[in-house]
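Here is the structure we will look at, set down as structure tokens.
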Amino acid sequence: MAGNSIGQHFRVMTFGESHGIALGCIVDGCPPGLEITEADLQIDLDRRRPGTSLYTTQRREADEVKILSGVFEGKTTGTSIGLLIENTDQRSTDYSDIKDKFRPGHADYTYHQKYGIRDYRGGGRSSARETAMRVAAGAIAKKYLKQEFGVEIRAYLSQMGDVCIDKVDWNEIENNAFFCPDADKVAAFDQLIRDLKKEGDSIGAKIQVVATNLPVGLGEPVFDRLDADIAHALMSINAVKGVEIGDGFDVVQQKGSQHRDPLTPNGFRSNHAGGILGGISTGQDIVASIALKPTSSITVPGDTITRTGEPTQLITKGRHDPCVGIRAVPIAEAMLAIVLMDHLLRHRGQNFAVQTETPKI
């Protein structure tokens, strides 16, 4: 099975399944000398961790990360960093009914057809449980970016169902279980989740992720454009069905005179491009949004087939998120951090001595 790693200079490879013994990852390319502890990684893992509120899955995993290698006396050594999280709250019997059935809207059918075998317990490798290791690796990247370059990466829930935020208060995001920057919308999100639980249904969501204080020049045209790699990373998150950079699909309705971001000696007048032009960072905020589909793990009966092709119905048992978008906020931050870390190291390796007569705005 290929496709388990991302990045070139800063490379992350994950392994493990939803109901396996443990999850793990290897982080290659982290520069030496970065002060890092398990407690540093645990901060973001706790933000993603299941069972922390009434609004997410009640599977209770501590998600306590262990650093196995690559760190000595509290600092990275420049060698491979090994990370491990043990699974402790598996209830595999919840999935015995789907051993020979395919859950509609999930990867059961495609994994079975591709590999001829699948781990049906919680979706196995296709489960969002795998993203715990992305968050752990992303926490390393986030700390390096912030400490060495002042880059900060933050995300928030901007829409759930038909409820959209009206304002962004960065100080409000960590004050509620939804990572919502608009305190006036928290009650509406709360009621929506409660209604969905009664119905046994789920809902989609939109998340915006922003990186600030980024230097100009990151990105490797043409196939490794910064926005292309960001889209690739964000699209790899479970349930993501759409990615926008800057104004995204709204550009369809814009004229060129509206969309272009005029340059002045004091900076850009706007940021419709989301901080990227020609696949290279402008030094403005990197702004991206992702759309996440509603999970198909619901108690509303759905039509499907058995392994032998017989028609049947399925009601999904187990513990699931009524909106997967809530816990995807720290995952989106992690994936953006991994991409930016990789591109920053690539840029530094090739272009560190480049100087121009044009001032950076």
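Placed from the backbone N, Cα and C atoms, the Cβ positions cover glycine too.
If you look up Swiss-Prot, you'll see Arg48 marked as NADP(+) binding site, on the strength of sequence analysis. Under the three-state DSSP scheme, Arg48 (NADP(+) binding site) falls in the helix class. For Arg48 (NADP(+) binding site), the same-chain residues 6+ apart in sequence whose C-beta sits under 8 angstroms from its C-beta are Asp63, Thr131, Ala132, Val135, Arg327, Pro330, Ile331.
A 10 Å cutoff on Cβ-Cβ distances gives Ser127 (FMN binding site) a total of 20 other Cβ atoms nearby, all chains included. Summarising the annotation, Swiss-Prot assigns FMN binding site to Arg125, Ser126, Ser127, Asn238, Ala239, Gly278, Lys293, Pro294, Thr295, Ser296, Ser297, Arg319 and lists sequence analysis as the type of evidence.
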Item to check | Residue with minimal Cβ packing [other Cβ atoms within 10 Å] among the binding-site residues Thr295, Ser297 | outcome: Ser297
Next on the checklist: Applying a 10 Å Cβ distance cut-off over all chains shown, what neighbour count does Ala239 (FMN binding site) have?
Outcome noted: 21
Checklist entry - When a 10 Å sphere is centred on the Cβ of Lys293 (FMN binding site), how many other Cβ atoms does it contain? => result 17
